[in-house]
Amino acid sequence: MASASPCACGAPSPLVRCPLSLSLPFASFPPAVRLAAPPLLPRRLSVSRPRAASALEALVLESDDEDEDEGEESEEESGAGLFQGEAWAAAAEERNAVRSPELQVFELEELPEQWRRSRIAWLCKELPAYKHSTFTRILNAQRKWINQDDATYIAVHCLRIRNNDAAFRVYSWMVRQHWYHFNFALATRVADCLAREGKVEKCREVFDAMVKQGRVPAESTFHILVVAYLSVPGGRCLEEACTIYNQMIQMGGYNPRLNLHNSVFRALVSKTGGTAKHNLKQAEFVYHNIVTSNLAVHKDVFVGLIWIHSYQDIIDRDRIKALRDEMKRAGYEETADVLVSLMRAFSKEGDIKETKATWHRLLQSGCELPAQAYICRMELYARTGEPMKSLEMFKEMKGRNVPLNVASYHKIIEIMSKAREIETAEKLMDEFVESHMKHLMPAFIDLMYMYLDLDMHDKLEQTFTKCLGRCRPNRILYTIYLESLVRIGNIAKAEEIFGEMHKNGTIGTNAMSCNIMLRGYLSAEDYQKAESIYDLMCKKKYDVPVDTSEKLQNGLLTSKKAVKPPKPVSMKLDEEQREILIGLLLGGTQIESHARKGVHIVNFKFQKDSNAHSVLRAHIHERFFEWLPSACRSLNDDSEIPYQFSTIPHTHFGFYADQFFLKGQPVLPKLVHRWLSPRVLAYWFMFGGFRLQSGDIVLKVSGGNIDGIERIVNSLQTQSLTCKVKRKGRFFWIGFQGSNADSFWKIIEPHVLDSFTGSTMEESRSIGSDGSGDSDTDYEDDTQRYNTETEQ
């Protein structure tokens, strides 16, 4: 059965746990918990703490004993939102408060045949000790006599001895047999136990199977699956948790417990403001459900909602006022967090009176003034045209010994740059650099915009050079410098910078940079190069201003060169795009069928918590720009690029759909060994692989069987690359160690994005097309040890 979970990931992670407490962040591990079983079972079903494997041994070492070493780690949730470290969301005992439907299972003594009792007892004893392929082969050998009741007993026995992986394997084998009839109680029990152990991918697989059968999953399954998704480190599966939570209410008609409402809400506001502001609709939905269920609204729910509203681009003052009134009626006082949120909202609207009034209330509260309150006042004065008062507020922060942070420097440098206070902005920038704080890029960009507006091109170039020495380059930085070079007529240098942008995948070119270069060529009356840029822009479907197009045509006429009609855009993947797509498909990118026959869509999905995927996301968006729908092409800058976007429907993707997918499931093409060029391997590594601190490299293979893996391994061996292969659940992992890792890196390095190498270290838990941290223990030995085994 295929998992429909977009959050499912085969990457091994020792950090995945499903704590019994619903309070966030879910960083602690629970003690073993016992789940009461039906009276017919001789023992009570129990769930133990899941085992973990180390990051390297679990993937590339050959010993199965090393795969099963237990270890524990803790990982703090990324983001700095509200309520970090507070435990108001739920109590520990609430995890098992929602019970599963009763599962009826016979006793062995009830079976009349002695031989059947003996065989079932032998299977219960032996099966849990075997790995996946041997496990399946043993079950296949019992097909002549085993039936659904027998297999159900074995699955329940595995749950009873806390081997949920074995129970899932038995269940998965059962559903593929001709005699199988859907057993809702068994599916529910398997799903619940898997979710309690943090195996969200497998639980979601069983969950989706229940929905496909036309059954509404039990309340316990909804409840525990939401908690399991919320427990994934870094909040990577928040979107999936909200989807299941919404289905629990809308599809199941259940009334979740208060602690589940609070847990979901807490996760929504536990990110930074810039990220959490997109969760407003979901947060309001959670609040609505709490209110309509006549449950008590916690104070922090009011605080969190006001906080999210204060980060919106358009402030809804009526809604904020209504929330404040509800908070007052509930008997809660407005805390410092609420007052700061109100200041943020009022300052965005330029409301001086309300902002000052809230500031005085904050002073009277006697609490320590946060830096964010000063930043709100700085923004207020900037909006009202009083930038020097913003500078006074910044100096007051220093006078009151309020710790200066990155946000305060960003804001004051932005304000001084827009006010064209050159000396002040430069002095603040020097102070910012000397503070050794990170994230200098926004401040450098503000300075460069100021120099560009003032035609101070020499200082702009100096700032550009200084920025490259301290920050990772990006497209905005290069675009500003390119504009400066074109304005002063240095077309040769501009052409060099444009070529560097185009070749460097980390930076890339876009419609703005191409238009700047086109204007430069036209101003230099180099119409041949201008025409080549124009053809490139037509191919990429970049917008060309009408006056620029007319100037090009007039220039071509003046130079007595025949004006060619615009070439029809041929929608065809070039060689680079084909190799990139193959690499991404090997790493887990999905292709969907369209309503029209023979037409397919490529879905690109990147991990929000991965720096490597953040870099790759902008690069893929630029490389496949002409294949994206108009909505995805009309973005102002890279920060607006979504982490998930799709191409337009096109027949050209049909070949790749046929090669990499069979009946909707990922497979390896028969000719995959011929397609493993250095660029394909590089993009496979960047999307579905990672490099450990030891230098070893690991690649995840999405789909495929042992024959396809062998073809890949043999192809790599022809390039003098020796690798090891592991199977983990439904995924294969290919690992390169020592000198082989170095050799592999030398092959792919020319095609790896410049800023990518520092982003891939130890991001193994979030790399790939999936986001789940399912901690399986389904390891296999090297391919040579089971290359004759088949699964049915």
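Each residue's number is its place along the chain shown, starting with 1.
Using N, Cα and C of the backbone, Cβ positions are placed for all residues, glycine too.
As given in TrEMBL:
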{"type": "REGION", "residues": "59-80", "note": "region 'Disordered'"}
{"type": "COMPBIAS", "residues": "62-78", "note": "compositional bias 'Acidic residues'"}
{"type": "REPEAT", "residues": "183-217", "note": "repeat 'PPR'"}
{"type": "REPEAT", "residues": "474-508", "note": "repeat 'PPR'"}
{"type": "REPEAT", "residues": "510-544", "note": "repeat 'PPR'"}
{"type": "DOMAIN", "residues": "578-744", "note": "domain 'Homing endonuclease LAGLIDADG'"}
{"type": "REGION", "residues": "761-792", "note": "region 'Disordered'"}
Secondary structure tally of the repeat 'PPR' (510-544) (DSSP, helix then strand then coil): 26 helix, 0 strand, 9 coil
Tally of residues which DSSP labels helix, strand or coil - the repeat 'PPR' (183-217): 26 helix, 0 strand, 9 coil
Residue distribution over DSSP helix, strand and coil in the repeat 'PPR' (474-508): 26 helix, 0 strand, 9 coil
